[in-house]
Amino acid sequence: MYGYGYTPAVVAPTVMSFSFVPPQAFQQCWFYSLYTQIQQAQLYEMQSWFMRVDANRSGTISSGELQYLNIGGTPLGIETATKLIKVFDHNKNGQIDFYEYAALHQFINNLYRCFVANDRNFSGTIDANEIYNALITSGFQLPFPTVNYLFLKLSPSGYGLLFTQFLNLCATVALTRSLFEWNDPMRTGVVHLNLAQLYDIIALV
């Protein structure tokens with residue numbers, strides 16, 4: 001697990017009232033497979049972090065709270081946090097519960113492993129070709145021209161992306177996937193959108 005951390009005001013730990021078995025609706029989401037990869041010991045660690053952040057005991061956290069998640073000593077930031085909230089917020093209430101957070105956390109862990117594996121020259125950055133390979137490893141099959149376009153949006157000069165930038169790119173891809181699935185409840189692989197719905201998707205991404 002990459003160096004995550006969060007240091008809000010200390011809140012006395014309490015036992016959360018839910019089990020680690022997520023609701024049925026959550027199990028229908030593409031990111032449920034991420035949740036199933038997590039060992040129970042890791043779930044307890046994630047639960048502890050979640051409880052510290054959820055200071056008002058609402059059972060959910062917002063992008064304003066998630067932005068302080070540290071990645072190698074660097075906070076996630078509000079832009080990426082907001083995008084990730086949208087990816088994993090399957091009930092679209094603008095916040096994420098513990099199950100959604102755990103899947104999000106595993107998503108970041110997996111992406112970091114892919115980033116390291118594809119940073120073959122140990123520069124701390126990866127280029128468009130390496131990003132293309134990392135996305136395939138992460139389960140996202142995108143044409144290379146699309147990957148290159150996303151890469152140049154974040155790095156117009158063509159310089160390699162840092163992990164936080166790579167995570168932002170992957171969050172965009174994952175959000176697009178979530179928005180597609182929400183409009184494809186029968187999982188046919190095809191969606192029919194009117195212009196207003198397309199505008200909504202563009203606004204969210």
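Cβ from N, Cα, C; glycine included.
Under the heading domain 'EF-hand 1', Swiss-Prot lists 45-75, citing sequence analysis as support.
Summarising the annotation, Swiss-Prot assigns Ca(2+) 1 binding site to D54, N56, S58, T60, E65. Within the same chain, the residues at least 6 positions away from S58 (Ca(2+) 1 binding site) whose Cβ sits under 8 Å from its Cβ are Q95, listed in sequence order. In the three-state DSSP reading, S58 (Ca(2+) 1 binding site) counts as coil.
Taken from Swiss-Prot, the feature domain 'EF-hand 2' applies to 76-111, supported by sequence analysis. Within the same chain, residues 1-2, 4, 16, 18, 22-23, 25-26, 29, 31-32, 34-35, 37-38, 43, 46-47, 50, 58-64, 66-70, 134, 138, 163-164, 166-168, 170-172, 174-175, 178, 182, 204 sit at least 6 positions outside the domain 'EF-hand 2' (76-111) and bring their C-beta atoms closer than 8 Å to a C-beta of that stretch.
DSSP assigns D89 (Ca(2+) 2 binding site) to coil, not to a helix or a strand. For D89 (Ca(2+) 2 binding site), other Cβ atoms within 10 Å of its Cβ number 18. Per Swiss-Prot, Ca(2+) 2 binding site is recorded for D89, N91, N93, Q95, E100, and the stated evidence type is sequence analysis.
Annotated domain 'EF-hand 3' per Swiss-Prot: 119-141, in sequence order, evidence recorded as sequence analysis. Note on the domain 'EF-hand 3' (119-141): DSSP counts are 10 helix, 1 strand, 12 coil.
Here the C-alpha separation of N56 (Ca(2+) 1 binding site) and N91 (Ca(2+) 2 binding site) works out to 20 Å.
Across the binding-site residues listed here (N56, T60, N91), the residue whose Cβ sits among the most other Cβ atoms within 10 Å is T60. Of all the binding-site residues in the list D54, T60, E65, the shortest Cα-Cα distance to D89 (Ca(2+) 2 binding site) is found for T60. For the binding-site residues D54, E65, E100, the ranking by surrounding Cβ atoms (within 10 Å, all protein chains) places E100 first.
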